[in-house]
Amino acid sequence: MSLSKKLTLDKLDVKGKRIIMRVDFNVPMKKNQITNNQRIKASIPSIKYCLDNGARSVVLMSHLGRPDGVPMPDKYSLEPVAAELKSLLGKDVLFLKDCVGSEVEKACANPATGSVILLENLRFHVEEEGKGQDPSGNKLKAEAGKIEAFRASLSKLGDVYVNDAFGTAHRAHSSMVGINLPQKASGFLMKKELEYFAKALENPERPFLAILGGAKVADKIQLIKNMLDKVNEMIIGGGMAYTFLKVLNNMEIGASLFDEEGAKIVKDIMAKANKNGVRITFPVDFVTADKFEENAKVGQATVASGIPAGWMGLDCGPETNKKYAQVMAQAKLIVWNGPVGVFEWDAFAKGTKALMDEIVKATSRGCITIIGGGDTATCCAKWNTEDKVSHVSTGGGASLELLEGKILPGVDALSNL
């Protein structure tokens, strides 16, 4: 699956055409009020491009929350998004109370030029994800014929398909892979994601450094193994470093995270790194706590001293930060996935913050810096560095699967150039 050879919105002739666009409007809500409109704002450039270039209509479809294939308009309706869109676009948005069926098809068949139409939550139909569960917890499975009909109805709502929902690209859902139209293009959000991940995965600048944090080795095995085939340097930090250090250095790790499953393959990982000539850097000192709480007693430890019984490492220490900075200073491309400490608590945030400062420094000297979604993207928001790095991915699961070397169904389904 080539990331750089996919049809993009700017290569489409949209004049006079009905555009059906998959967006990510899965926004946080409280009492049917949107609490953060970032994802809606992010979709505006693609929508505006279509309107500015004479599209007849832009029909928007999205999921919201996890209604699991059951209509729950009281809790998961996209109706509040229509009002938000109206104010961001400065034009009327027609909200439809369903996403498929004859009424919806009729409303989208012959719209006035420049119409913007928002469909109701795709996941009110079990045919979107293929499975779900009813309110009593019984499992629901969509029938193949009904999935076909659902996809056919969505396909009637436009002449051209645009996908701008990178965060759902790793899911083979109907709205991601089942729209049967001759031209299927990425929107501008998706395009930027694919451009940056292509820089890392298809033709990287070197030296290429991957920084991998997070808690469990077992969750990151695929990621580590795939990246060892791509990078020159790797930093392994966060909770999973304790498993490596215990196995490799026989370090006393006290009550720190230890991953039994992951421990079994530490030697394999090191052998692969050795074979590929990849240098892996681990932490050398730690900020410790006497319990897993924000107000825990704080201590220090090194690999040599070990972490005493009952204490746990929750961050890396100042010597480690210096060591990481030296490795980062050489890099021309950095991909960072996973924090290196419990950054949500100030006492254990210094390591991740120091890393972020170095990432910003690297970016300003021309290094390409890519932040994988999820917790690492949350760090960017916390320290206000989203515009001080090259790219912050909007998709936690999708970016992880790309870095693991997997094919993303939602990207694979787009037209090739």
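Every residue, even glycine, has its Cβ placed from backbone N, Cα and C.
Same-site candidate for ATP binding, as annotated by Swiss-Prot with A215, K220, G313, E344, D375, T376, chosen from G237, G239, G299, G395: G239.
Q38 ((2R)-3-phosphoglycerate binding site) has D375 as its nearest neighbour among the binding-site residues K220, G338, V340, D375, going by CA to CA distance. If you draw a 10 Å sphere around the CB of D375 (ATP binding site), it holds 18 other CB atoms from the protein chains shown.
Closest by Cα distance to V23 ((2R)-3-phosphoglycerate binding site), from the binding-site residues D219, G239, V340, T376, is T376. Neighbour counts were taken as the number of other C-beta atoms within 10 angstroms of each residue's C-beta; across the binding-site residues L122, V340, the minimum falls on L122.
The binding-site residues examined here are G313, G338; by Cβ neighbour count within 10 Å, the least packed of them is G338. Ranking the binding-site residues K216, D219, G239, F343, D375 by the distance of their Cα atoms from the Cα of S62 ((2R)-3-phosphoglycerate binding site) places D375 first. Calculated from their C-alpha atoms, the gap between V340 (CDP binding site) and G239 (AMP binding site) amounts to 7 Å.
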